[in-house]
Each structure stands twice: as C-alpha cells, then as structure tokens.
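So that you can see what the record holds, here are the features copied from TrEMBL:
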- 30-70: domain 'EGF-like' (DOMAIN)
- 60-69: disulfide bond (DISULFID)
- 72-108: domain 'EGF-like' (DOMAIN)
- 119-157: domain 'EGF-like' (DOMAIN)
- 128-145: disulfide bond (DISULFID)
- 147-156: disulfide bond (DISULFID)
- 159-197: domain 'EGF-like' (DOMAIN)
- 187-196: disulfide bond (DISULFID)
- 199-235: domain 'EGF-like' (DOMAIN)
- 225-234: disulfide bond (DISULFID)
C-alpha cells in the first residue's frame, strides 16, 4: 500500500520524527480512511464507505462515476431527443433543444423515457388574436391564449362590453361608449377627463373683457358687464346715453332731467336685427314690435295670454305677489307662480329678480325656486299641461 512501510516498533521512533502529522501503527491495525471528513476522498457529493482492510469506496450521486466520483457521465449518449433537435448534457439529466416549429417535454432525468421535441408547435400558426399571448402545452401539443385586457374567448376574439359589466364608469352625465377591447366616456361640455369627473372652469382664463365678472355654469359661462358694455364677452360699447344689459336702460339726462327714450328703431339697428329675423331662434334683443318681434321668432311674447280666458285681467295681475285663482292655469301662465309656494329660496335671488320676465333667458334663473325666469325660458313644468312656446304649442310631461 502506497505511503506505508513495515518496520519494527523501535525503528519507527528513529524514522518518524515526533512532530505533527507523523504517527505509527502496529502490525495488523486496520486503517479507516473515511473517519476524517477532511480527507475529502469522495467528490461531487459522493459518500465515503470503508470496505475491507485498509480500503474505501465512494457511493456517487446520480450522474457521476469513478473511484472518487470525479467523472461526469455523458447523459446524451443515450437520449430520446427527436431527429433535428440537439441534446444538451446536464448533471444526471439532459435537455432537448427543439428546432423552430417543434415542441415537447424539453428536459428529462435519465430515469425517464419517451420522445422529445416530437410535437408540432401549435403557436406557429398564431391562433391567438388581438395581440394575445399563445402558450403551448409541451406535453399534449395543445395551446391556450392569455388574452389582452378587454377580450375573451378561446382565441381572444370576443370583445368584453365594459359598459354593460360596470355601469359606474362615467360620471356627471357622461355616456359610456364600448369599443373593441376597450371603452371611453362621452363627456358633457365642461368635462374632458377619461371618467368625466373633473369639471373645467369655463372662467379660467377669464374670457370677459372690460372689467366684467365671469360666472361659471359648468358647460358654459356668462359675463356680467360693466354698465356701458354689452356682448357675449362685454366687448361692445353702448351708444351714448344708454347702459345695462343689451343697452336697454336709459341714463338720466342732467340737462333736461328726463329719461332719454331709445326708439325701438335704434335698437333694431344697434343689434342688426334684420339679419337675425326669421332664423327660428328668438333673439331677445330684437323682441320689439318695430323689429317685428325678431321676424316673429319671438311671437310667444307678442300675445302671451292669448289662450287665457281672462287675458285682460290676468295680464294686469300677473306676478303681483297675490294669488288670483282664476289665473292659476297654464293658459294664463300660472299667475306668475303667485299661487305656488317655493320649496327653496332662489339661489341668485337679487340677480334673477332684476331680470325676471325681461324677454331674455337667464339659465341660472331657470328653476322653480326662481319662477323659471318669468317664462323667458322653455320650461320643464311638473304638470301635464299645455304651455305656449315661441310660435307653437308643446306638451310637456314630467
């Protein structure tokens, strides 16, 4: 045995110096090679076992061989990879690298058997639609689709109608519109975010000119002009001697101390009423007899009590803060709502009171609490009655 000499016990003391690493054994002593782990006789996780007198062997892990388990066995010597595929050796296993268009069970421990890379890849034909991911089953050759958001079905070709599944996608009157694979909100004016939740401030930046104040109403705005200006954005100047909304108010003359009269003919010219006449829109600035009531587009104001059986009486007592029961009917314009108590206070009471029944529709006053702006606007009345509008009669039901 290499490294061991047989000498007498007396010679051992002379030959072996008394220092670390040297020792001597008597005849017939059995050497145990596996007692000290530091010997590292077996590699790659092999287990050392003493066998016979003065000998050992290594029990190797699967995939290794040799006296000390130092040799990696080639698992590709006998492999089951299909023709055209490449076998890649591993530790006690091998892997089949499949060529394009082929799939199979790609990794096998040597205890397994069977064919590998033997199936056609079902995803080569791209069966999953709309950008969805195709996932092949390497065992069966089948496939499954991982659908993109908004689609469903075996091949992801069926649209999901998100608007039906969730009725709370759009807010503030927005309408949900379904598209293939998605949806969007058709928002009312004043809302532009995806869910119609954020209200645009129509007064930022301020569109009103000449020191006017801007009122934001959600989907529109109104400019409150300084006395001598008018127009949508208060961009126009009233003629000398006139002021206020549409320049209808007369200034007091300091010279003769009387009100200067603005002839209706001047109003028609000021507002260019001839070009607006007969356009099927009541332009209130032209609603005067000399302007032919805007080409008769505003005939509702010509004879507002023509259907009222007590037209003369009801016309005089209209909205005098006293309930006249004979006039409390739609044909008589409900006596100016004198017979109906308001459930709440008008939000813009001072503003609406000054503009009540002035022939111009003030939308902020178009509420029951503000008496519907004195019948200046088309009214959504809470009764199934007949109401006169423009030059025709319409029936409204709540």
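Just so you know, glycine gets a Cβ as well, placed from its N, Cα and C.
Bear in mind that the values here come from a model prediction, so they are computed numbers and not experimental data.
On the structure: features taken from TrEMBL.
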{"residue": "60", "record": "disulfide bond", "DSSP (3 states)": "coil"}
{"residue": "69", "record": "disulfide bond", "DSSP (3 states)": "coil"}
{"residue": "128", "record": "disulfide bond", "DSSP (3 states)": "coil"}
{"residue": "145", "record": "disulfide bond", "DSSP (3 states)": "strand"}
{"residue": "156", "record": "disulfide bond", "DSSP (3 states)": "coil"}
{"residue": "187", "record": "disulfide bond", "DSSP (3 states)": "coil"}
{"residue": "196", "record": "disulfide bond", "DSSP (3 states)": "coil"}
{"residue": "225", "record": "disulfide bond", "DSSP (3 states)": "coil"}
{"residue": "234", "record": "disulfide bond", "DSSP (3 states)": "coil"}
Residue 147 (disulfide bond) as reference: those disulfide-bonded residues from 69, 128, 225 with C-alpha within 10 Å of it: 128
Predicted model, mean pLDDT over the domain 'EGF-like' (159-197): 89
Cα-proximity to residue 145 (disulfide bond), 10 Å cut-off, over disulfide-bonded residues 60, 69, 156, 196: 156
Between residue 128 (disulfide bond) and residue 187 (disulfide bond), the C-alpha gap once rounded to whole angstrom: 34
Distance, residue 187 (disulfide bond) to residue 234 (disulfide bond) (CA atoms, angstrom): 29
Under 8 Å by Cβ from residue 60 (disulfide bond), same chain, sequence gap 6 or more: 42, 44, 46, 66, 69
Cα distance (Å, whole number) from residue 225 (disulfide bond) to residue 196 (disulfide bond): 31
Largest tally of Cβ atoms lying within 10 Å of a Cβ, found at which of the disulfide-bonded residues 187, 225: 225
Rounded distance in angstrom between the Cα atoms of residue 225 (disulfide bond) and residue 187 (disulfide bond): 30
